[in-house]
Amino acid sequence: LQMDPTTVCVQALTSCVGCVTLMEKMKWSVGETANLVTLFGMMLMISEGLVTGRLDLSRRKIPLRTYLSLVIIYFLSNSANNLALLCKLPYPVFIIFRSASLPANVLVSFVLRRHLYPLRQVMAVTAISIGVFLFTLGTWRGEVSVERHSARVEEIIQIGSIEMDAYLLGIILLIFSLLLSSYLGIKQEELYRDYGRDCATESMYYINLLTLPFMLLHSSDISRSMNRLSLTSPIDIPFLPSTIPLPWAWAVLGLITLLQYSCISAVFHLSALTSSLTTTVVLTLRKFLSLSLSILLFGSLSSLTIHHAVGTSLVVIGSMLYSPLLFK
């Protein structure tokens with residue numbers, strides 16, 4: 001079934017933003033549940049594929065070794081990013097790297113394929129990246145007090161050379177994760193070029209299936225998350241007997257899982273219909289929309305600063321510059 005790129009783009013933005021917003025609500029209430037959400041999303045996608053027959057284990061267009069290479073790249077990128085979180089890096093450093101996915105994509109494309117993007121696309125990418133960086137920085141500055149930041153600096157000085165080594169390791173891990181993530185997007189683009197865009201559905205199911213065993217590495221964290229969800233107060237669900245109490249967090253997890261399924265499906269099809277840079281643009285805009293919605297729902301309009309205003313303006317300008325080229 002040929003999908004319209006604009007429809008897929010809208011689906012990706014709405015479902016991904018909705019998923020992230022509900023996950024933030026869950027985080028505020030019961031703590032971090034990212035691994036549990038990822039596991040449930042994978043299980044739903046694999047189950048749906050097996051039931052409908054769209055995940056055909058008896059035949060496939062793409063060799064298994066190709067899928068394995070993509071899964072390994074994804075796992076290494078994700079693991080490097082998670083390890084960097086343990087290196088006590090200042091949050092602004094994470095902001096910089098999270099805003100650098102677009103320039104990294106342009107850089108990796110040039111190094112590996114000697115591909116030069118038009119000036120208009122480069123200007124759009126630069127504007128969006130700087131805009132997201134400023135918007136995120138403004139949000140962080142509103143959440144962290146000067147006193148807390150000063151205490152953090154003193155802690156770094158007291159730890160000395162050991163902390164400096166950890167800092168350097170964290171930077172290396174973030175660079176490694178960023179470049180691997182960009183490389184993964186380019187590899188997926190080449191995959192669809194070699195095997196056809198119609199293999200997007202197959203690749204979506206197989207990549208999730210092959211990634212599932214790696215979730216065993218997070219089994220203890222997943223178990224703790226499930227226990228926290230079960231401790232939330234029960235709610236009444238239509239069509240369920242009143243004798244079966246359902247904690248509200250589990251109901252929210254069900255909705256998050258459905259949105260995540262829609263989000264992942266849209267991103268996979270978007271990567272098949274467009275270039276890796278365009279997919280990265282859409283995902284970066286998703287980050288911006290998620291931050292904006294987070295401020296509206298969980299923050300205060302009084303916390304808005306000049307960073308938010310300038311950042312929003314740059315994102316809008318960059319999006320307008322890129323939009324005529326979006327699906328070329």
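For all residues, glycine too, the Cβ spot is worked out from N, Cα and C.
As recorded in TrEMBL, the features of this protein are as follows:
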- 36-55: transmembrane segment (TRANSMEM)
- 67-85: transmembrane segment (TRANSMEM)
- 91-110: transmembrane segment (TRANSMEM)
- 122-140: transmembrane segment (TRANSMEM)
- 166-184: transmembrane segment (TRANSMEM)
- 205-223: transmembrane segment (TRANSMEM)
- 248-268: transmembrane segment (TRANSMEM)
- 306-327: transmembrane segment (TRANSMEM)
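Long-range Cβ contacts of the transmembrane segment (91-110) within its own chain (Cβ-Cβ under 8 Å, at least 6 residues beyond either end) map to 84, 116-117, 122, 125-126, 128-130, 132-133, 136-137, 140, 144, 170-171, 174-175, 177-179, 181-183, 185-186, 276-277, 280-281, 283-284, 287. The stretches the transmembrane segment (166-184) and the transmembrane segment (67-85) are in mutual contact, each linked to the other by at least three Cβ pairs under 8 Å (pairs 6 or more apart in sequence). If you look at the transmembrane segment (306-327), the same-chain residues 6 or more away from its ends with a CB under 8 A from one of its CBs are 5-6, 9, 118, 120-121, 123-139, 141, 273-274, 278, 281, 285, 288, 292, 295. When Cβ-Cβ distances below 8 Å are used as the criterion, the transmembrane segment (122-140) is approached by residues 91-92, 95-96, 98-103, 106, 277, 281, 284-285, 287-288, 291-292, 294-295, 299, 303-308, 310-319, 321-322, 325 of the same chain, each at least six residues removed from its ends. Within the chain carrying the transmembrane segment (67-85), a Cβ under 8 angstroms from the stretch's Cβ atoms is held by residues 94, 170, 173-174, 176-177, 180-181, 183-184, 187-188, 191, 203, 206-207, 210-211, 214, all 6 or more beyond its ends.
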